[in-house]
Amino acid sequence: MGEGSRRPSGMLMSVDLEPVQLVGPDGTPTAERRYHRDLPEETLRWLYEMMVVTRELDTEFVNLQRQGELALYTPCRGQEAAQVGAAACLRKTDWLFPQYRELGVYLVRGIPPGHVGVAWRGTWHGGLQFTTKCCAPMSVPIGTQTLHAVGAAMAAQRLDEDSVTVAFLGDGATSEGDVHEALNFAAVFTTPCVFYVQNNQWAISMPVSRQTAAPSIAHKAIGYGMPGIRVDGNDVLACYAVMAEAAARARAGDGPTLIEAVTYRLGPHTTADDPTRYRSQEEVDRWATLDPIPRYRTYLQDQGLWSQRLEEQVTARAKHVRSELRDAVFDAPDFDVDEVFTTVYAEITPGLQAQREQLRAELARTD
């Protein structure tokens, strides 16, 4: 076998169509024991807080876009458990490579909501400040971040770092050539990388049934020679446990894993989208009954971990961060157009200097 392509022993070459589920739709624990984890009560409550805060901020982002403060936004309503659960189990030194709908991931990683806001507003480096938290800038081109994730994982291998990279992507991205290359390369070179697909059923107006002829997205892992697993993306504890196992596997040198988190986008693809043109209200209502936040609240109640005081504290926290977001967006300084040219290379090139002067002249002419 070629150098750098060690195969882990005992690799599972089958995928269970039934998603891993620890908390049922009614909020009661399931019989699943393999992935069960005894998390501290503080962590269990914190997961709930992060899901609620994510939803509140998501609502505020939509409001800001409707008020003309943001040109566009990609709502994540309904996907809070898939994002919060997956990000919560990772180490702060694990690198994250998100697409454009990962608000819950950013918040769990400790990125201030205002930083996310100005990134969407386009007034501060396009999100490059995320790198202070080991989180790459959000990727708007579909699937390109998966290549970067694999490259970062290979760098960690070469530097003998004890870190894992996670590529966050959607079901639509799995049809992109970049994602194929990333999956293949990651498996061949046994990189410490996890591919986390949030299957929210729709790639804009394209249903997942037209994305693949495979039984599921997770089944694609078999062809690449890596484990694939499906998880209930509306079950925050299941998402936490499945990601934790995949990250531990990668950290141990056993290579990548493809996770399919089965969830649903309750809102539009973006604030410029009208989902009523391609999906029924009946479908949305059906998935709304599986809303991850009420489900997890019921679970906490049954475990004696929820109280009205906790709810009031979480609500107050959510309102506070909403206010912080609005202040950050409204107070954001105007964008310095020079940064378009000065943040590309360590030293600006002659070609970029010429382009900068052309833009300056055009702006002066139109003032």
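Using N, Cα and C of the backbone, Cβ positions are placed for all residues, glycine too.
Note that the structure is predicted; figures quoted are calculated from it, not measured.
Per Swiss-Prot, the features are as follows:
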- 99-101, 141-142, 170-176, 200-204, HIS269: thiamine diphosphate binding site (BINDING)
- TYR100: substrate binding site (BINDING)
- ASP171, ASN200: Mg(2+) binding site (BINDING)
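Recorded residues TYR100 (substrate binding site) and ASN200 (thiamine diphosphate binding site) have their alpha carbons 14 Å apart, per Cα-Cα distance. DSSP assigns THR174 (thiamine diphosphate binding site) to a helical segment in the three-state reduction. Secondary structure from DSSP puts ASN200 (thiamine diphosphate binding site) in coil. For ASN200 (thiamine diphosphate binding site), the same-chain residues lying six or more positions away in sequence with a CB closer than 8 A to its CB are GLY78, GLN79, GLY170, ASP171, GLY233, THR263, TYR264, ARG265. In the three-state DSSP scheme, GLN99 (thiamine diphosphate binding site) falls into the coil class. Its Cβ placed at the centre, ALA203 (thiamine diphosphate binding site) has 20 other Cβ atoms within 10 Å.
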